[in-house]
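These notes concern the structure reproduced below.
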Amino acid sequence: MEKSTMSVILFVLHLLVLHLQYSEVHSLANTSAHDFSYLKFVYNATDTSLEGSYDYIVIGGGTSGCPLAATLSEKYKVLLLERGTIATEYPNTLTADGFAYNLQQQDDGKTPVERFVSEDGIDNVRARILGGTTIINAGVYARANISFYSQTGIEWDLDLVNKTYEWVEDAIVVKPNNQSWQSVIGEGFLEAGILPDNGFSLDHEAGTRLTGSTFDNNGTRHAADELLNKGDPNNLLVAVQASVEKILFSSNTSNLSAIGVIYTDSDGNSHQAFVRGNGEVIVSAGTIGTPQLLLLSGVGPESYLSSLNITVVQPNPYVGQFLYNNPRNFINNFPPNPIEASVVTVLGIRSDYYQVSLSSLPFSTPPFSLFPTTSYPLPNSTFAHIVSQVPGPLSHGSVTLNSSSDVRIAPNIKFNYYSNSTDLANCVSGMKKLGDLLRTKALEPYKARDVLGIDGFNYLGVPLPENQTDDASFETFCLDNVASYWHYHGGSLVGKVLDDSFRVMGIKALRVVDASTFPYEPNSHPQGFYLMLGRYVGLQILQERSIRLEAIHNIQESM
């Protein structure tokens, strides 16, 4: 048997073993207050004492950046730079009830939610706070699809992956109560044929299940910032309201290396920080922020950067390309009687679509980006928001600069939703399944009128097409009613911008660790994977340095 074939077989067997380990859910976090113990080593970027030399500088205190910085600080001096502020200044970020409020709050340039409209004309948001997206999202937690790892171009230590998930889950993940509306929607998914019933599980598997949540059963949010508590307070410094303007590079172009960063504080003053020998700059600024910073620093398409008068440090045609966002299509139903508000805890998973629902109280101000545009009609009573997500997707766009010098000016974003016909076909399948869902006995009590089919429901916005065989009507529905799922990824892909250790190709001491690294979602709700990724890469870096130091020691001993 050929060596390559044997390697594939061994890898698949390893995946199966890991899958069995996944199935045994270990103890998760307990209900508790959000743990802000780490604030003792958080500083405002105006503090000039932060300027200096570090072993590692991590740019972006978000989903991957927080666990990465905490892990590296176990052995080395680390500076974590975050453009936003801390959650204590915005207490609504810390509760499940505050999820919609955070999207409603006007963007003043400092609030946790930064608004933007993509060039597709669709409303979107991104995080601007320590903890990143984990502070503003819907709290859904799951592990990656077990097949995802073999598609990434990375050689994973799957035992370490499993232990790293547990490290995250022990701190910030709970088993949620099966809230009344979530229980109803779960019964509906099963009755509509999204089988089997997988009970409670963190695994991404076909079927219906109750999954983990970063909201505990008191409604308190837990998030990536709490993982900073696992860092060494003697080694870890966190600077908030620090906008990194540019990565600094060595003057030796034949041995190009990242040596530090320039960042600006909230007063507009500029600061510098540097990395020591064998240290690294690691960019974890997210799918939008990371390619933007690379481009501003001179890493990207040569002719494009030159046209903006940006000095080209390392040409790479793929920086900012292959940008993805999963389309979200939905229906909104008004039940005849009020339903309690709930966040997403039940998932319906198929290979060609993922389905969830949340229930909401009425509001007079629309949560920005929950609906495709601000002109969408407003609910006057409690309603159910029932969603179908397209996996992948295959359609992709790009990040381009809106300013060649100011990182605080948001870049231009285009996702090209449904430009790939497979994505559109998957949307049609998903929306037809929502039609099946509406026809179930589980949802019968939520009709406003006792008539057959789906006409008995009161809809907010566009109703679902009645004729399940009319693909053209469903395609039109998908195209005309697409919204953002906020699951941005790509822009700095492994194999195109990064090597298989997440190093930027052609540059020493520079890595990227965040959602910009892969061209597809690891699962239906990716925050679990990217929390794991930060810790995982941190451990890999510590292991690399340990091996290097041991080799140097052995050489010295032999002399």
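Each residue, glycine too, has its Cβ placed from N, Cα and C.
When Swiss-Prot records THR63, SER64, GLU82, ARG83, THR133, ASN137, ALA138, GLY139, VAL140, TRP486, HIS487, PRO526, GLN527 as binding FAD, the matching candidate from VAL244, VAL399, VAL428 it lists for that site is VAL244. Only one of CYS66, CYS478 is recorded by Swiss-Prot as the disulfide partner of CYS427: CYS478.
Secondary structure at ASN30 (N-linked glycosylation site), as computed by DSSP, is coil.
Of the residues the record lists as binding FAD, namely THR63, SER64, GLU82, ARG83, THR133, ASN137, ALA138, GLY139, VAL140, VAL244, TRP486, HIS487, PRO526, GLN527, the two whose Cα atoms sit farthest apart are 29 Å from each other.
Residue with the densest Cβ environment among the recorded positions ALA138, VAL140, CYS427, CYS478: CYS427, by other Cβ atoms within 10 Å.
Residues near ASN145 (N-linked glycosylation site) in space but far in sequence (CB under 8 A, at least 6 apart, same chain), listed by position: HIS204, PRO522, ASN523. Most other Cβ atoms within 10 A: among the recorded positions ASN44, THR63, ASN178, that distinction falls to THR63. Counting every protein chain shown, the number of other Cβ atoms lying within 10 Å of the Cβ of GLU82 (FAD binding site) is 32.
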